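Among the features that TrEMBL reports, S-adenosyl-L-methionine binding site is placed at 114, 134, 135, 136, 137, 138, 139. What TrEMBL records for 216-226 is compositional bias 'Basic and acidic residues'. Under the heading domain 'tRNA methyltransferase TRMD/TRM10-type', TrEMBL lists 4-226. Feature annotation from TrEMBL assigns region 'Disordered' to 216-235.
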Ligand code: SAH
């Protein structure tokens, strides 16, 4: 059973774009996941095919209409569709690797991309959209945020990453930022590779990496340290 993504957008030409290349692109070709970009405008009913209108109460910008969005969502995700309905939104819960993992383990996702000032609140309430933010800054639309979300999900789908272990040791997976990496040449601009890494002593290497990861996390992301699981995750 492959992961099925449906993206509702005013710019379907923005897909698959980066998701059609490299790891995600190969997985798309292999059928590990599928991607359908739906043009929201196709669900407008008036002569001008309008999808937005001025904000009730006044103010700048335009708001995406609940009735148009409802038709688009209901067509893309009819009753019985078990996929979560997501709305990319700066007001949403910040995306975490944990939520990415949960989504990757599921049947897929229906992702609504906002534009303008955002969407009418009633569509969020009536279709129980889960709002997801990719960070505390404002994008011009949800499409790039949907790319971020899907890229993070797809690399976790079975068989997508060649080396499964690399997923488990990565930043956030064990509550820590990852340790630093080195590769050849042995010396670069007078800087050698830390000796322990070329020692061949795997226990020592694991210990060093763990210590480096903890140091880095304490310095840069003490907030992660606070919620770190107690048991060490070393291999
Ligand atoms: N007026 C809104 C911002 C609208 S930006 C506010 O102040 O909250 C237009 C659209 O871009 C949003 O509807 C959303 O779909 C998308 N977007 C912008 N920033 C985002 C972020 N940080 N994470 C996820 N989606 C975002």
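Using the three backbone atoms N, Cα and C, a Cβ is placed for every residue, glycine included.
Positions of TrEMBL features highlighted on the structure.
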residue : record                               : Cβ contacts under 8 Å, 6 or more apart
114     : S-adenosyl-L-methionine binding site : 64, 87, 88, 89, 141, 142
134     : S-adenosyl-L-methionine binding site : 88, 94, 95, 145, 148, 149
135     : S-adenosyl-L-methionine binding site : 94
136     : S-adenosyl-L-methionine binding site : 90, 94
137     : S-adenosyl-L-methionine binding site : 90
138     : S-adenosyl-L-methionine binding site : 90
139     : S-adenosyl-L-methionine binding site : 90, 145
Measuring Cα to Cα across 114, 134, 135, 136, 137, 138, 139, which the record gives as the S-adenosyl-L-methionine binders, how far apart are the two most distant ones in Å?
16
Write out how many residues of the compositional bias 'Basic and acidic residues' (216-226) are helix, how many strand and how many coil, based on DSSP.
10 helix, 0 strand, 1 coil
What does DSSP call residue 137 (S-adenosyl-L-methionine binding site) in the simple three-state scheme?
coil
